[in-house]
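These notes are about the structure you will find just below.
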Protein chains: 2
Amino acid sequence: MIEINHHRYSFPKLLTLGFLAVIAVGTILLLLPFATRPGRQTGVMTALFTSTSATCVTGLTLVDTATHWTPFGQLVIALLMEIGGLGFMTFAVMTSLLIRRRLKMSTRFLVQESLNLDNVSQIQVVTLIIKLSLLIQLLGTALLYADFGPRYGWGKGLWYSFFHSISAFCNGGFDLFGNSLANFRTDPYLLVIFSVLIIAGSFGFLVWQDLLQFKKAHRMSLHTHLALKTGATIMVLSVIVYLITEKNLSQFDGQMGWGMRLVNSIFMAITPRTAGLTTFSYTDLSAAGLSYTMLLMFIGGTPGSTAGGIKTTTIGLLTLQAVATLRGHRDPTLAHRRFRQDNVFRALTLLFVALIIIAVAILILAETQVLPERNPLTYLTFEVMAAFGTTGISLGVTAKLNLLGKLVIMALMFIGRVGIYTVMFSIFNAQPKQPSYRYPEEGVLIG
Amino acid sequence: MIEINHHRYSFPKLLTLGFLAVIAVGTILLLLPFATRPGRQTGVMTALFTSTSATCVTGLTLVDTATHWTPFGQLVIALLMEIGGLGFMTFAVMTSLLIRRRLKMSTRFLVQESLNLDNVSQIQVVTLIIKLSLLIQLLGTALLYADFGPRYGWGKGLWYSFFHSISAFCNGGFDLFGNSLANFRTDPYLLVIFSVLIIAGSFGFLVWQDLLQFKKAHRMSLHTHLALKTGATIMVLSVIVYLITEKNLSQFDGQMGWGMRLVNSIFMAITPRTAGLTTFSYTDLSAAGLSYTMLLMFIGGTPGSTAGGIKTTTIGLLTLQAVATLRGHRDPTLAHRRFRQDNVFRALTLLFVALIIIAVAILILAETQVLPERNPLTYLTFEVMAAFGTTGISLGVTAKLNLLGKLVIMALMFIGRVGIYTVMFSIFNAQPKQPSYRYPEEGVLIG
Ligand SMILES: [K+]
Ligand SMILES: [K+]
């Protein structure tokens, strides 16, 4: 429990309210007259949706970012992605750093709980990670400028470099090109820079912390082991799957040799995990590719990162647990350590609740929206997964949603970013205290 | 471990092999020349697929049951449904009863383990349940004959009554009308008889046993509580959902008033759980209705019944567990009893493994099959769910599958009927003995 102005808030409630406050401020800023280009109009719903999509680093849009918003509006979107990407608690630390004030003790505890840190002294590591984050984005801007500068002239080139470095590192998914990165699909330099930025941003704090301290500690946490191994496994598997399923992708035909096709397949494997920047229109993806991409978006990235979805550690732990159960073993293990049992419960509950949320969302949207002629249910499901995974790859359904549809997608982006447990705990008002009695135990038949 | 002719088999392996043996015998019988009508040809793959579909009480077909198979062939299909529906161990008890021999002790133990019974004396209850099953099917035949007799003449009428009573009670899904029950959609008498037969067959042994002993014991097991409450909840929810999503179903327009529409909605809610008999072509179902039906097929029915899918108790227990976790409580409880923790683990692992199996199946089929023009991925997913849930409602994809596609669907029907745990345990060769050491524990970040 955290006390602010004599009101006591649980941490999940505070985090949920914090995100809502950021979205509200973003909405107001986007509604300012000089945020919208002359000749365009911004309704409250469009501002709210855009602010939610940016804060939840998703990238689904109702209007074209480049032609609808002024540079001021785009700057608001970039800042919202930065706050949403690093997490707003981290942002509090960052602000303190920038204005060189000592962190208040209450803020320290908030940061600590928000980032699952063991003690206050570790906040030193957080400041290091924040500095590193900003450095990477600065470096990203410079490296992108090497291409965008000559291509667009220095003013526009610098602005594009800055915006897309943030969008890539924070896995925000917004772009100023109208067709994401499709213009650059045969440019290996840009694709590599973007890939590195995306991967760097999707590691999450705990992994960064472990990697930074590895030289000193010579030991990685079980979390980092699991996150890196699951991530690498999914990555390799995804490249192979896309090389097979998209061998006939019409948009690439005649444009590239096998080398560029491999680079694009790697990019295809990276981006649905949470980034959402794409090198071609996903409406051309094969049926197998679509279903696999939905799966990747559902899984999402590393917890504590900018990613949505149910997270790689969840899927990794569940796989280890399932194999252990099916082999008749008691414990799921990795790197000579076993997982805490309540972690497994948390992972399994998360999967189940995520499935219910997605099923309900699909059902509501299928019943209330005017569906596309082509593949109505598939396209709808894809958009739901893109919102829940805060991936933001769109097949064009989002732009045509009615009010209820927009609200559902916004709720999915919010849950995807803030986290099922955080949102559910604030709704259910979880009481950690147990009833003083336990009922007698009895088994049932399962499966 | 069970010893047969000096070979030792684990129970899951024996059950898996038993089902495979029944399928093999069925295939050979269907390949006999007098099983196929003159002018038709039956290939090995068609016989194997039909035998698998009948034994796994699914009802997906490559050829029309009425016009392709002779009455002998249809009888084989009916018997396979009976064996598959009651379970082949139960069938051993039944055979012993019929030829009035005492059960061998080894068979008794098999039956006991197969039906999760506590002690050998309870096998008395099993014989009672088997007699009841046969009585219900006999009664079903008589009640159906009251309509089919006058409609088709006594010979054909009796045959149709017999075949469809078995198909309904065993939730087999095969029919001799070519369009399932579409001819009878405005006949409340037949729809009610079919509904009662389907529900009676989908209860499962433990529930029947509890209901039969309730007068004496004045107590229901936790299993029966959970199965009945989950079943009833899903049932009521499903009727409401279908009344909303199918209010504009074109096949019903002008044919029926609100009363018949309600009866059909109830039938629609009952049949995807595992029966697969339908009163209209599901290609006309709305997008929301399709997605909801897929969900119902994935869930399936009660364990120990003729149902496939992940089972109602699994979904019921997971819901109780998720609510408990989200409210910060330790135990999921129902009817003043708490569930064994390993039940929850089993349920969660089952859900996860089922999802992986289905995702892999969809991916393989999407990549290797010629997909339908209309809604390719949705139709494919529907067919996968219909196979896994042993429901057998088809959108026409199955008939057009190539060899690999048929093998995938057959594997899904088999896993759906025999059970994920049974199949997986026989593949993984689970060793109940634990390693003598445990690694140190460590937590990870989930969600
Ligand atoms: K994104
Ligand atoms: K069936």
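Using N, Cα and C of the backbone, Cβ positions are placed for all residues, glycine too.
Note that the structure is a prediction, hence the values are computed from the model and not measured.
Annotation comment: TrEMBL describes A:14-32 (among others) as transmembrane segment.
Marked as transmembrane segment by TrEMBL: A:44-63 (among others). Distant neighbours of the transmembrane segment (A:44-63): 19, 22-24, 26-31, 69, 76-77, 80-81, 83-85, 167, 170-175, 274, 276-277, 306, 308, 383, 386-387, 390-394, 398-399, 403, 406, 409-410, 413-414, 416-418; these residues of the same chain sit at least 6 beyond its ends, with a Cβ under 8 Å from one of its Cβ atoms.
Residues or ranges marked as transmembrane segment in TrEMBL: A:75-99 (among others).
If you look up TrEMBL, you'll see A:125-146 (among others) marked as transmembrane segment.
Within its own chain, the transmembrane segment (A:158-177) is flanked in space by residues 53-54, 57-61, 65-66, 71, 74, 77-78, 81-82, 84-86, 133, 136-138, 140-142, 144-145, 148-149, 152, 183, 194, 197-198, 200-202, 274-277, 301, 305-307, 390-393, which lie at least six positions past its ends and keep a Cβ under 8 Å from the stretch. Annotation source TrEMBL lists transmembrane segment at A:158-177 (among others).
Positions annotated as transmembrane segment by TrEMBL: A:189-208 (among others).
Here the transmembrane segment (A:228-245) has Cβ contacts under 8 Å with residues 207, 220, 261-262, 265-266, 268-270, 273, 286, 288-289, 292, 296, 299, 301-302, 312-313, 315-316, 319, 334 of the same chain, all six or more residues outside its ends. What TrEMBL lists as transmembrane segment is A:228-245 (among others).
Long-range contacts of the transmembrane segment (A:344-365) within its own chain (CB-CB distance under 8 A, at least 6 residues past either end) are made by residues 298, 310-311, 313-314, 317-318, 321, 332, 377, 380-381, 383-385, 388, 401, 404-405, 408, 411-412, 415, 420-421, 424. Look at TrEMBL and you will find A:344-365 (among others) tagged as transmembrane segment.
Under the heading transmembrane segment, TrEMBL lists A:377-395 (among others).
Summarising the annotation, TrEMBL assigns transmembrane segment to A:407-428 (among others).
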